[in-house]
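Taken from Swiss-Prot, the feature alpha-D-glucose 1-phosphate binding site applies to 99, 164, 179, 180, 197, supported by sequence analysis.
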């Protein structure tokens with residue numbers, strides 16, 4: 001039995017998330033609440049911790065206070081055993097400048113790698129919804145002999161132009177890596193599908209350090225992991241693709257096996273929530289064998305009074321539904337829906353209140369939004385467009401703390 005390698009986790013969590021505005025007006029994208037009890041960053045942290053990778057640095061920058069607080073309050077590991085999940089803000093260690101890209105974030109944080117001296121480094125994004133066992137990907141990386149392994153998910157070739165696409169040979173060596181090509185390549189075994197990058201990488205430590213340092217000296221680089229570092233290593237013949245469909249997570253169902261969602265737009269964020277609410281959900285939050293850990297608030301259970309009901313919905317702790325109807329929706333903690341109100345096909349974040357007789361349809365309400373008695377959201381889009389953001393798919397998004 002071979003000795004377990006020493007692995008350091010680096011989570012890239014500095015994303016601004018402009019396409020998720022107004023949800024990112026006051027917080028970093030990885031801190032956006034999701035699924036009634038979580039933040040987006042909880043998915044990658046849960047995957048790493050479940051795989052027993054317990055030394056993790058989270059690189060932050062943009063409006064990181066709520067993210068830093070969430071990690072410090074909910075992701076405490078045992079310091080006695082040398083375990084940690086620590087947020088690392090941009091520190092200007094190399095001069096008076098902030099991170100200029102994801103690769104520059106690692107370059108400015110090389111001291112973390114030198115201090116830990118790992119054999120391998122997993123560099124994962126912080127804003128995707130999925131379950132994955134990273135240890136299987138690390139094993140694949142070691143066996144492949146590659147310098148970097150890129151996690152790839154298969155999508156229909158016709159839909160792949162929106163992503164970074166991977167062209168690999170039969171052995172899994174990446175021949176080309178192209179951002180949003182007009183003609184995406186097929187996979188070696190299926191010309192109708194394309195490997196697209198999940199933004200998750202496993203590096204042999206020396207390979208990452210050398211590539212990051214070389215990139216830092218390149219004045220023409222954008223200092224981006226996917227745009228600069230990976231193509232550099234592909235050109236050197238050092239990159240392999242890991243087929244995410246081969247990843248086997250304990251307790252996964254046939255429906256949510258290999259589930260992965262990039263929730264970088266309001267429509268994608270909304271659709272991922274709708275994946276949670278059916279009787280047999282596309283993504284199952286209730287897998288006890290590979291749990292997603294989130295907020296650890298001490299709240300009372302949700303309560304339904306005066307005939308209030310919720311159908312095909314997720315309702316968070318501390319919420320009260322009073323003589324109201326909730327359907328096909330995700331409600332976070334401490335949400336109140338008052339008498340006669342109707343909530344349909346919506347995502348309601350913590351502390352929001354829907355007043356007596358109000359109607360909320362096909363909408364996202366951020367934290368502490370108050371919809372007054374008799375008010376309507378998502379019913380008249382022309383009226384809503386004067387006040388709120390509306391996605392291309394017609395989802396109405398109301399920013400944090402707004403009173404309607």
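Keep in mind that glycine also has a Cβ here, set from the backbone N, Cα and C atoms.
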Can you count the other CB atoms that lie within 10 A of the CB of residue 164 (alpha-D-glucose 1-phosphate binding site)?
21
If you measure every Cα to Cα pair among 99, 164, 179, 180, 197, the residues listed for alpha-D-glucose 1-phosphate, what is the largest value in Å?
24
What same-chain residues, at least 6 away in sequence, bring their CB to under 8 Å of the CB of residue 197 (alpha-D-glucose 1-phosphate binding site)?
150, 151, 152, 163, 164, 165, 166, 177, 226, 230
